[in-house]
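Noted in Swiss-Prot for the protein shown:
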type	residues	note
DISULFID	CYS191-CYS214	disulfide bond
DOMAIN	92-229	domain 'OmpA-like'
REGION	69-82	region '7 X 2 AA tandem repeats of X-P'
SIGNAL	1-22	signal peptide
Amino acid sequence: MTKQLKLSALFVALLASGTAVAGEASVQGYTVSGQSNEIVRNNYGECWKNAYFDKASQGRVECGDAVAAPEPEPEPEPAPAPVVVVEQAPQYVDETISLSAKTLFGFDKDSLRAEAQDNLKVLAQRLSRTNVQSVRVEGHTDFMGSDKYNQALSERRAYVVANNLVSNGVPVSRISAVGLGESQAQMTQVCEAEVAKLGAKVSKAKKREALIACIEPDRRVDVKIRSIVTRQVVPAHNHHQH
């Protein structure tokens, strides 16, 4: 009787433990220690599996039942942003050089004076520089004389100066010439007022002479130059003690 009770007690204990293991097994697929909550291993270090074990869904790497997921490939380095080269629009500088007709021509003439040749040669050297983009030669006259006559005279003078500059090395492709006659005469009213102040005692000839002298700035050739602004890169100087 006693032996049968002991066996019954052992059987109940086994059932109880089996129920507990089964409860754990349905979740883990392995026999799990109730105390440490870790998978139980045998003497060979192997994980104990139970009847509920499914290798495909429950296999563990530490038990040798699953392959560790490969390390994720590192994210590739982002490609550097392309370097955008912004072409800067060229900067221009405009300049006007006024040449007095008195230094270039005789009164009412369109042939260059001898001294004017030397001045134009120096100017041509400057206009031949590579940064010079365009040269516009404008002929101007004073208001005296007819519009038609002044227009023709201003054109002849502009062409004479332009041709001289070309003969001294200025590329013909960058130079142009135009006559503007008396259209930009600026001294007329001022000079007429000045001559009027001379009074009745001054002869007409003297007044005319004074007027011609006064309006001289209107008799001119303007050389209009457009150049590209060049940026000079100054090299750094190393200062050494000698």
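Including glycine, each Cβ sits where the backbone N, Cα and C put it.
Residues of the domain 'OmpA-like' (92-229) grouped by DSSP class, helix first, strand second and coil last, total 65 helix, 34 strand, 39 coil.
Outside the region '7 X 2 AA tandem repeats of X-P' (69-82) by six or more residues, the chain places nothing with a CB less than 8 A from a CB of the stretch. Helix, strand and coil counts under DSSP for the region '7 X 2 AA tandem repeats of X-P' (69-82) come to 0 helix, 0 strand, 14 coil.
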